[in-house]
Amino acid sequence: MLAFIAKNMGKPVCCVKPVSLMKLPGRYLAHQKTLPHLPIPPLQQTLDKYMLALKPLVSQEEWSHTNQLVEEFQTSGVGERLQKGLERRAKKTENWLSDWWLQTAYLEYRLPVTVHSSPGVVLPKQDFEDRQGQLRFAAKLIEGVLDFKSMIDNETLPVENLGGKPLCMNQYYQILSSCRIPGPKRDSVVNYSQAKKPPTHITVVHNFQFFELDVYHSDGTPLTADHIFNQLEKIWGTSLQTNKEPIGILTTNHRNSWAKAYNNLIRDKTNKESVRSIQKSIFTVCLDAPMPRVSDDHYKSRVAAQMLHGGGSRLNSGNRWFDKTLQFIVAEDGSCGLVYEHAPAEGPPIVALLDHVVEYTKKPDLVRSPMIPLPMPKKLRFNITPEIKNDIEKAKQNLNIMVHDLDIKVFVFNAFGKNFPKSQKLSPDAFIQVALQLAYYRMYGRACSTYESASLRMFRLGRTDTIRSASVHSLEFVQGMEDSGKKNQEKVDLLRKAVQAHRAYTDMAITGKAIDRHLLGLKLQAIEDLVSIPEIFMDTSYAIAMHFNLSTSQVPAKTDCVMCFGPVVPDGYGICYNPMEEHINFAVSAFNSCADTNAARMAHYLENTLLDLKQLIHHAPKSKL
Ligand code: COA
């Protein structure tokens, strides 16, 4: 699993203990060089698996038609030619996929990063309800991130393992001092961490006003939490009024509109310097106003929305720069979490950093740092022309529509955690995925194309591939489960088969043998070779297979938190979960504009389904499992 555990060292790295101060220069690159290259699966294997993956999703007629197209793809030699092209690419690059994936999945994606791409994390409510508490916690959190950063800088970050294999650690080097920049057709990402003079400041936002806060002394030592607290108080004291022009809202817009507005914004020298300061900063801390009060039942869902979009132009959305890779959010009422821009990294490294920081914030301050005079943090100024004002107004309108459209439900499934499936010798992740298939089937009476992220970090610069959770076996199980004529034991057998098939797909995916990225590679190779796009990619079945009504991910953490993200299609769900030992945290999202989806309803079905599965197993003879 991907939780931040250095299994080779035998103990977790939840760092209350001090991090290594010893630099290990070159350790990171030396490790990276030992990692294998991402393989290209055999063509025939991918095509066979593709046809199998389509079975639960398309009609027999569509399947037969696609089968013909696949045969033509092979017999015409087109497939082999593209495969050879991919193999040549693999020889020339460190990872044949990673740059293509970065471009197509993220930088060329034109919908707003807010809700549509950037995940949020909901932390447990912190124990404060006022400004003092908010600033103390934020100061400690900043100190904790700097502590983690020292492990990155010193190259002492323990190498993670998955299934006994060491993982690529590159993403850790991409998440600090980096930022996305909008472009007219495609965005880019800048990373200042390897600059000659790496940045020494973070950005703090309060009342929609941005500040540059230096977090290192001139001798290179980081500020302590006491010092940071004083600096945050100064920031707070000079930003008592909400800024009339929430400049950060511009970053919530459609990427093409934002790219236009961006060029307009940075034409002014002061604006350009302010934007550059945000982009360069190590990370951002958003000191939010309290959220509107809601019942305990809705609290976590409300925080999730706050993390994903900030609550709208009248609430905290202006307190963000959504292009910034990492933004920690600390509100006056104790609600906390983060939002991150997805292009540089997946959830697990972000959550590993968060686990470290959360542990760090619990550490008592044994000595108070002597007070020393520190310069006033610099306010980042913006000159707002009528044109920029107009861009902000348009962005506000679009954002508020998006805010109303997001339907999100965060809940804790308390009946059991990963211990239960483990006790039954079942993979917890596969068990949850099969439960999701059943919940969806009970709601819609059919299977749907389902995406689960699988890590490719066993390979150098690896990102993700797709585990296709809707399989022939999962469909047989959900149909069997709903068949009143079937005996419990038969249902349990079908469940076990479906769980095992899912786990087998997972093993295939994490070892680079899944089909989705390979098919994408073949398609992009055709585009690069300037040949016509093969029919198999223009086919209805392909469109159905790529329309992920369920977009899911497991992001395990030690902290009792949950990651959340929006659906990837207008009529779909985004489902993320953190399986703890005795409970599971879930975040389910949908869009209100789709009459057929409802996050709370899906959550309800999922809860009942998980309970039913436990019941089912308990009523079956033990020996069978
Ligand atoms: N019997 C008993 N225990 C079992 C078992 C079985 N049959 N199968 C698995 N387990 C145990 C595992 O040993 C593991 O134990 P641990 O908690 O002591 O480590 C635990 O159950 C969890 O295993 P499992 O549920 O199978 O999942 P996993 O941890 O291997 O994770 C993925 C599966 C797909 C989530 C993981 O491989 C992955 O790729 N994660 C990346 C996800 C990602 O990048 N998301 C980013 C989105 S932004």
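Placement of Cβ uses the backbone N, Cα and C atoms for every residue, glycine included.
Annotations in TrEMBL come from automatic prediction, not curation.
Sequence annotations record features per position, and here TrEMBL assigns domain 'Choline/carnitine acyltransferase' to 38-607. The active site, proton acceptor annotation in TrEMBL covers His342. What TrEMBL records for Lys418, Lys422, Ser423, Gln424, Lys425, Leu426, Ser427, Pro428, Asp429, Ser455, Arg503, Gln554 is CoA binding site. Taken from TrEMBL, the feature (R)-carnitine binding site applies to Tyr451, Ser453, Thr464.
Known features from TrEMBL, placed on the structure.
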| residue | record | Cβ contacts under 8 Å, 6 or more apart |
| --- | --- | --- |
| His342 | active site, proton acceptor | Tyr106, Val113, Ser117, Ser118, Pro119 |
| Lys418 | CoA binding site | Pro428, Pro579, Met580, Glu581, Ile584 |
| Ser423 | CoA binding site | none |
| Ser427 | CoA binding site | Pro421, Val499, His502, Arg503, Thr506 |
| Asp429 | CoA binding site | His502, Arg503, Thr506, Gln554, Pro579 |
| Tyr451 | (R)-carnitine binding site | Thr466, Ile467, Arg468, Ser469, Phe548, Leu550, Ser551, Thr552, Val568 |
| Ser453 | (R)-carnitine binding site | Glu346, Thr464, Thr466, Ile467, Thr552, Ser553, Gln554 |
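Screening the binding-site residues Ser423, Tyr451, Ser453 for a C-beta under 6 A from any atom of ligand 1 leaves Ser453. Cβ neighbour density within 10 Å is lowest for Lys425 among the binding-site residues Lys425, Arg503. Binding residues for CoA (Lys418, Lys422, Ser423, Gln424, Lys425, Leu426, Ser427, Pro428, Asp429, Ser455, Arg503, Gln554) extend across at most 25 Å, taking the greatest CA-CA distance.
Around the Cβ of Thr464 ((R)-carnitine binding site), 23 further Cβ atoms fall within 10 Å across all displayed protein chains. Taking every pair among Tyr451, Ser453, Thr464, the residues listed as contacting (R)-carnitine, the largest Cα to Cα separation comes to 11 Å.
Averaged across the domain 'Choline/carnitine acyltransferase' (38-607), the predicted model reaches a pLDDT of 97. Other than the site residues Tyr451, Ser453, Thr464, same-chain residues with C-beta atoms no more than 8 angstroms from the centre of those residues' C-beta atoms, the (R)-carnitine site, are Glu452, Ala454, Asp465, Thr466, Ile467, Ser551, Ser553. Under DSSP, Ser427 (CoA binding site) is assigned to coil, being neither helix nor strand in the three-state scheme. In the three-state DSSP classification, Arg503 (CoA binding site) falls within a helix.
According to DSSP, Ser453 ((R)-carnitine binding site) is assigned to a strand segment. Look at Thr464 ((R)-carnitine binding site): DSSP puts it in a strand.
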